[in-house]
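Participant: Just passing along the structure, written as structure tokens.
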Amino acid sequence: MILENQVPGYGNKEINVYENDININENNNNILNRINTEQVITRTPIQDFYAGRNIFITGASGFLGKTMIEKLLRICPEVSTIYILMRPKKKSNIIDRIEDIFNEPIFEDLKNNSPKLRHKIVAIPGDCSFPDLGLTLEDRKKIIEEVSVVFHNAATVKFEEKLKVATTINAGGTLSVINLCKEIKNLKAMIHVSTAYANCHLDTIDEQFYPHPLKYEDLRIIVDSLPDETINAVLPRLLEKWPNTYTYTKALAESVIREKSQDLPIGIFRPSITMYLVSGIITVVYQIVLTFGLFALNILAKAILFFCAIIYTVCQPIGFVIRSESSIFNPTETMYPEYAIEENLLMEEAMSAVSLTSTDSSVTEEIRTSQNSLTDSSEVKRESVKKILKERVVSCADDSLPGWIDNYYGPTGVIAAAAVGFLRSIRINRDIYANMVPVDYTVNAILASAWDVATHPDRRRENMLIYNYTSTVENPITWGFYIDNCLAFARDYPLKQSIWYLTMTTNQSKVINFLANIILHLLPALLADILMVCRGHKPHVVKSVTKINRFLNVIQPFMLKNWSFKNDNVQRLWSRLDSKDKLSLRFTFDDFDWKNYLRNHMKGVRLFLFKEDPNSLESARKRLRSLRWIHETATHGLWPAAINGRVPKNCNDPKRKSKLNSNHFKGRPDDLYNALTSLWFNIVNDLDAKRGIENFWMKKWDHHGACASQAQSIRDDVGYFSRAIKMMKDIYLAIKVQ
């Protein structure tokens, strides 16, 4: 039994007392008449902060929210009640949804070891898209009277979301939470979870507020007065510096906090790329995996339908490739939502001829006439819309800051698609930083930030605490490091459902990426749809490839640019933590082991995302070896595939095992070998490092060099050797510095 008591000598500080039998004299709280204490454990400062408190969480059904609930219950079991805002669904009520949450694997230990903690979770029906969060008067009163800590996690993270929906949820929901907090009687802290890329139009992002070109009320007038078709048409002009509606409205939400927070104890937490298991692209890939299972049977029996299937399939709208890669000839990197390009193309062209900065009243009239957009609006609203649109452009006219490229979710989706053998090429700069943070570290920092805000009453209004939670300041990794390690671990823990061997081509060229998408993605998808028609099924692989390419168009530019983040508040927060809190709420990256994390990450993709039995690992590895043989045969020919993986006799010189047979690389003199040899024998201060480099080189040589010595057509290993030289130079310089 856990009780909270006041013990003599501790003042008002609460401690945990594990006891068998306690009688408390009501006339004197400092006298314990009969006590049999087994163990006394003092709380850490953060545990003390959360003990006995009621907490209100929005966005609790998301991955971040689930992790937050589990963490609170595990490290702060004395928390009183956790109220979670839950949106009822047609097929399940909020009680069923809570049960679904607690059936997640993350709650397994809690259910086994502390099943009673489940009853600390209380669901409150509501919706962030409704006024005042859709709360009933009774539920609102309960929150006002009982809650003291609020975490606002809820947001629509669909980056192609319609502006009206994104504005209503991301900015309007934030305003509703602030208004609720103003009524809470004992509010200690409210944390708004934003994103590190809310101000992505800047190259350097500090822990401070940045101006937004529109006020929330003005944008509401626009989205409430105009139909979706017209909003989509003018969307590029509205967003301008922002690449999508998500980042635009998250920045607007921060502006709402800046304007409406008054003296509330509010902090803004900006995580970078949180390592979610992205469900969108994974679902598509998983469907494709299942589809390919249909291809092996009865193809010959329906051969008569083959050419009819070709005609039917090729007539599918494959123009998406041209649309999705239209930026090849476009100097800007910004990608706007698909519906703003396809559904309203004619309207956008018509509007492009109309200057929104014009003082002529024909601006509003053009909008009204072309789409009959304002038939239900008053003249006052029409004038307001015109005025706001005009001011929007003027306010940004002198802004020379470069725009952000695109949104940031999806690294797990990319790797999972590659692991299943479907994604073969991606446009990426291997040398820029992959600014990712694990979700558990993110939750730890959020929980600590609430304590930090509560204990800093001087940090309010313009001076409120803002936390840029990123990994690049302390322990950065590059996208090349991320992809290479994930693919390596994906080969160690392959998927039994793989449809092709794990391989991925990376490049930075729009043209090369465009051609690679056609050859490696579209053409196989067309073939797959042809086979599906032969099987009598409705073709949908091309459609799935369309979705994946749209997904890649969203995240690829994000992998082509670096940002500089300042995180002084995060560093200061970590330094404030008690040593015990640092153990249970770790969020620093000082000595973070990225390789080990990525290894576990790929294990999780296999186990939790694709639901593969751990006992099937050996059979999956056998399948991967078979797929590799097929891949090598299809790519390099039968003979290189057969000898790949072992060193031929002419390369097996014991004195120079690693020497390249440069005669097989036309136009490539043996300076590659000379450069490597020079580096190896110049590393005289650290023989272990030298041996490590040689072992690493020889391992890769066994896989690539042998094949290269027999087949002149193979050139991918030349790129590998070049990267190996760069790696060795880096190691050599590091040793010299030491």
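Backbone N, Cα and C define each Cβ position, glycine as well.
Automatic prediction, not curation, is the source of TrEMBL annotations.
Pasting the relevant annotations from TrEMBL:
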- 57-275: domain 'Thioester reductase (TE)' (DOMAIN)
- 273-297: transmembrane segment (TRANSMEM)
- 304-322: transmembrane segment (TRANSMEM)
- 391-446: domain 'Thioester reductase (TE)' (DOMAIN)
- 408-426: transmembrane segment (TRANSMEM)
- 511-533: transmembrane segment (TRANSMEM)
- 520-612: domain 'Fatty acyl-CoA reductase C-terminal' (DOMAIN)
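Give me the lay of the land around each of these features.
Facilitator: Long-range contacts of the transmembrane segment (408-426) within its own chain (CB-CB distance under 8 A, at least 6 residues past either end) are made by residues 157, 159, 195, 197, 272-273, 275-278, 280-282, 285-286, 288-289, 434-436, 482-483, 486-487, 490, 494-495, 497-507, 513, 516-517, 520-521, 548, 551-552, 554-556, 558-559, 601-602, 605-606, 609-610, 627.
Confidence for the domain 'Fatty acyl-CoA reductase C-terminal' (520-612), expressed as mean pLDDT, is 86.
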Participant: According to DSSP, how is the domain 'Fatty acyl-CoA reductase C-terminal' (520-612) divided among helix, strand and coil residues?
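Facilitator: Counting residues per DSSP class in the domain 'Fatty acyl-CoA reductase C-terminal' (520-612), I get 65 helix, 2 strand, 26 coil.
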